[in-house]
Amino acid sequence: MAGGKIKKEKTQKGGSGPSNHHFQGGIPFHKSKGQHILKNPLLIDSIIQKSGIKPTDVILEIGPGTGNLTKKLLEAGKSVVAVELDPRMVLELQRRFQGTPYSNRLKVIQGDVLKCDLPYFDICVANIPYQISSPLTFKLLSHRPLFRCAVIMFQREFAMRLVAQPGDTLYCRLSVNTQLLARVNHLLKVGRNNFRPPPKVDSSVLTPDGSSDDAEISLCVSALGDTLGDMSMDTDEVKDDDDVEMDDGDTKTSEFKDKVLSVLKLGGFEDKRSSKLTQADFMHLLSLFNKAGIHFS
């Protein structure tokens, strides 16, 4: 709901209505736009409790939908900035809180969260469209000024990639880049039946305190330090050194390859797999490359 394009829905044969509509309060939800609204109040309360929201916090919510989570965020924090792409949902939010004590503490921004400038916030709590998971994660990690924490609902496999450790099957560039800039911990698992309409996959929530419950998908990211150059958003696994093809016929390429191999040998990495390296290993290898005059952007 907060990111991506709004596409025209295909009509059913013999009718003019969309084929994948689910309703709440008269508003149709579209699976194709990642619109899966949290409907379980106990789950919402659990997310609020585990988020560690302070009464002085400015909270960023992405894809608020009809405001089920928004209401609880307003009760817990100082104010909420909600970014919503769908104009229908924006109107529903405004109607829902108009004339209530929360109306002056809620700011709604209509737009694509991946394209708009985010205002200051202390904590981000969001049930996001899963198709924007990777670019949104890196946008939050590069956001300045630094925020304290983000508690985000992700598709389960994506969440498991974020918390994967060296040697795990899902350990990849996404794992390395995210863990370099944040403490990432699994908070709880969320079953698909907690949503309307139910998605085809389970979800997970991650938090910085390392707590873990047996539920579905939920995630929390705690931003740390400064961004170290441009970060790759590729979620594919890190390729092993012997998977990289280089043209030995080119003199310059051959010289560069020899230089790279000498750095790997110097650090004792020539026989190691990238999927087994720890954060400390990657940082040590990076320092060796820099000392050899090889830099990465």
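Including glycine, each Cβ sits where the backbone N, Cα and C put it.
Unlike curated entries, TrEMBL annotations are predicted automatically.
Annotated features, as they stand in TrEMBL:
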{"type": "REGION", "residues": "1-26", "note": "region 'Disordered'"}
{"type": "COMPBIAS", "residues": "1-10", "note": "compositional bias 'Basic residues'"}
{"type": "BINDING", "residues": "H36, L38, G63, E84, D112, N127", "note": "S-adenosyl-L-methionine binding site"}
{"type": "DOMAIN", "residues": "43-210", "note": "domain 'Ribosomal RNA adenine methylase transferase N-terminal'"}
For the domain 'Ribosomal RNA adenine methylase transferase N-terminal' (43-210), the mean pLDDT of the predicted model: 89
Greatest C-beta neighbour count within 10 angstroms, which of the binding-site residues E84, D112: E84
Other C-beta atoms that fall within 10 angstroms of the C-beta of L38 (S-adenosyl-L-methionine binding site): 20
